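Shown next, in structure tokens, is the structure this report addresses.
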Amino acid sequence: MKTSIATVSVSGNLREKLEAIAAAGFSAIEIFEQDFIADEGTPRDVGRIVRDHGLEIALFQPFRDFEGLPGALRTKAFDRAERKFDLMQELGTDLVLFCSSVHPQALGGIDRAAEDFAELGERAAKRGIRVGYEALAWGTHVNDHRDAWEIVRRADHPNIGLIVDSFHTLGRKIDPNTIRRIPGDKIFFVQLADAPMIEMDLLYWSRHFRNMPGEGDLAVTDFMRAVVATGYNGPVSLEIFNDQFRQGNPRTVARDGYRSLINLMDDVRRNEPEVAMPLPNLPPKVEVTGTSFIEFASRGDDAEKLRKQLEVLGFAKTGQHVDKKVALWQQGDIRVIINEQPHDFAGSAYNMHGTCVCDFGLDVGSAADTVTRAKALGATMFSQPLSEGQIDIPVIRGLGGSLLHFLDQSEKLAPVWETEFAPVEADTSGVGLKRVDHVAQTMTYDDMLSWSLFYTSLFDMKQSPMFDVTDPDGLVRSRAMEAKSGKFRITLNGAETHRTLAGAFLADSFGAPVQHIAMATDDIFATARKLADRGFASLPISGNYYDDLAARFDLPAEQLAQMQELNILYDRDDQGEFFQIYSQSIPGGLFVEVLERRAGYAGYGAPNAPMRIAAQKRLARAKDMPRN
Ligand SMILES: O=C(O)c1ccc(O)c(O)c1
Ligand SMILES: [Mg+2]
């Protein structure tokens with residue numbers, strides 16, 4: 001399968017775009033005329049430069065306002081087309097996109113347009129050029145691929161075909177299965193884009209908000225399934241107009257594009273098993289069945305403080321690495337590692353971010369398959385020399401350069417804890433923390449789509465819609481992601497300004513990936529009491545909050561009083577109830593949440609987030625105040 005991307009999709013000048021597109025693994029481009037015009041090279045130079053990057057020009061675009069014009073305007077449109085055919089021959093491409101007309105003088109009429117294309121087909125054939133016709137969702141007379149197809153059908157010329165674009169079809173809510181009626185050899189090219197579901201003017205939505213397949217809300221997989229069912233086997237190309245991507249890092253955007261395309265085609269292959277497709281056989285999306293460990297990089301006094309915090313939280317040191325300054329702490333099914341090695345990966349993570357979560361371990365069915373899928377999706381691999389007796393755990397790079405390890409029950413990986421850690425006698429009764437519920441990752445807002453895609457393309461996860469969390473000093477975008485098993489959850493938080501708590505964390509830690517860790521108990525009140533006995537400093541919550549709870553919910557007065565005493569926050573959904581307590585900050589500016597989900601509550605206490613953030617900021621300000 002030829003993978004392609006339109007040059008408009010990434011930022012930079014044409015040469016920077018080509019670098020990024022080639023590096024991401026694409027085999028072809030759609031060259032946007034503007035990108036070409038802005039370049040200093042002659043058409044021949046540009047064609048050569050593209051090919052020197054190992055790329056093919058699969059399409060030249062767009063040619064606007066061609067069909068249905070009267071008299072002199074019509075003649076002029078044909079002249080213009082001839083000029084562009086000259087240019088295409090110099091560039092070295094044989095396919096051009098004509099988009100449906102928005103010209104104020106265009107007359108409309110299916111047969112008129114078909115005649116224009118039949119004549120154009122004759123002219124194109126003389127040059128060995130093919131013309132694809134695309135219905136823009138806002139075209140004056142033609143704005144539906146079914147009408148564009150009717151024009152192509154009536155033009156009845158081998159050099160005239162159809163171009164379908166998922167945005168124009170799905171954005172107009174046209175059933176993509178209508179594409180199944182079109183012969184595959186009359187579809188000359190396929191453009192893909194997703195978009196978030198927002199009610200707005202189609203043209204504006206298309207030009208500013210498209211995103212990569214899987215990043216938005218459109219049924220791009222259904223669209224592509226319909227396309228492959230026709231027998232189409234030409235290039236599959238991303239055409240993404242997006243303001244954020246235009247100012248983003250071209251390499252990241254191109255990499256995400258490639259990832260989204262591989263992921264999409266893999267989905268299509270699995271959903272249309274009867275259709276033969278020249279695609280590599282990837283392992284399926286990975287089911288994460290739990291968080292195996294969370295590893296902190298720390299050192300010296302910071303590490304001492306972290307150990308104290310873990311003790312207060314009811315953790316006990318249960319293992320010491322046989323060869324390294326690495327300790328294992330446990331409670332329930334939770335494993336926390338404190339890594340004080342000065343030189344290897346944790347050492348450099350500490351030097352960069354201070355105390356931080358540098359690694360995560362995830363339980364999966366097959367660690368080897370997980371890495372195979374990750375590689376095919378263009379994930380960044382990682383390796384460092386192993387020490388004597390150390391087990392080589394499959395690993396890739398995750399958010400902020402942190403590491404994601406994969407563990408399974410294979411003979412090689414299952415014995416990792418007993419092999420690498422010498423047991424330490426300890427009282428492991430704890431305070432009732434049972435498992436990691438979720439980890440909250442913080443990033444810049446611009447990186448959120450990228451990391452959502454990272455998780456949803458590799459793992460079998462569903463994601464909630466984005467929502468805004470109100471910080472007193474700005475908005476933080478947030479989105480929860482959950483493994484289908486329900487046993488692995490993360491929240492992604494995108495900060496737009498350094499003044500928000502999430503933004504300040506990101507700035508102060510130079511991009512540390514984890515801002516908070518939430519651990520679950522089966523009895524929040526018992527756990528909260530035990531924590532208080534151990535000297536746990538919970539985040540103080542305002543009395544106003546509890547007055548408001550009393551007004552919103554019918555909670556027993558006694559329970560409400562206990563919640564207020566213990567700083568327990570509350571929420572409810574149509575399934576069940578939710579209780580949460582936050583810690584004050586721990587080394588590295590992180591914090592811990594202790595929670596209880598009752599009867600299948602599925603959320604994260606989102607309504608409490610603004611109060612929690614305000615409380616954290618109030619506390620930080622109080623701590624900064626001179627004490628005289
Ligand atoms: O926004 C546009 O004008 C435009 C141009 C060419 C395309 O292929 C397209 O989908 C949109
Ligand atoms: Mg298009």
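Using N, Cα and C of the backbone, Cβ positions are placed for all residues, glycine too.
Annotated divalent metal cation binding site per TrEMBL: Glu134, Asp165, Gln191, Glu239, in sequence order. Marked as Mg(2+) binding site by TrEMBL: His438, His516, Glu593. Positions annotated as domain 'VOC' by TrEMBL: 290-409, 435-584.
Structure coloured by features recorded in TrEMBL.
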residue: Glu134; record: divalent metal cation binding site; DSSP class: strand
residue: Asp165; record: divalent metal cation binding site; DSSP class: strand
residue: Gln191; record: divalent metal cation binding site; DSSP class: strand
residue: Glu239; record: divalent metal cation binding site; DSSP class: coil
residue: His438; record: Mg(2+) binding site; DSSP class: strand
residue: His516; record: Mg(2+) binding site; DSSP class: strand
residue: Glu593; record: Mg(2+) binding site; DSSP class: strand
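Those residues of the chain, other than Glu134, Asp165, Gln191, Glu239, with a C-beta within 8 angstroms of the mean position of the divalent metal cation site C-beta atoms are Leu97, Ile163, Val164, Ser166, Phe167, His168, Phe189, Val190, Leu192, Ala193, Ser237. Within the set of binding-site residues (Glu134, Asp165, Glu239, Glu593), the lowest number of other Cβ atoms found within 10 Å of a Cβ is recorded at Glu593. This prediction places the mean pLDDT of the domain 'VOC' (290-409) at 94. In sequence order, Asp437, Val439, Ala440, Thr491, Ile517, Ala518, Met519, Phe591, Val592, Leu595 are the same-chain residues whose CB sits within 8 A of the CB centroid of His438, His516, Glu593, the residues recorded for Mg(2+) being left out. With DSSP states grouped into helix (H, G, I), strand (E, B) and coil, the domain 'VOC' (290-409) comes out at 35 helix, 44 strand, 41 coil. Its own atom aside, the Cβ of His438 (Mg(2+) binding site) has 21 Cβ atoms within 10 angstroms in the protein chains shown. Note on proximity: among His438, His516, Glu593, the binding-site residues of the record, the Cα nearest Asp165 (divalent metal cation binding site) is that of His438. Proximity of the binding-site residues His438, His516, Glu593 to ligand 2, judged by a Cβ distance under 6 angstroms to any of its atoms, singles out none of them. Close to His516 (Mg(2+) binding site) in the fold, though at least 6 residues off in sequence, lie Val439, Ala440, Tyr582, Leu590, Phe591, Val592, Glu593, each with a CB less than 8 Å from its CB. Taking a Cβ distance under 6 Å to any atom of ligand 1 as the criterion, the binding-site residues His438, His516, Glu593 reduce to none.
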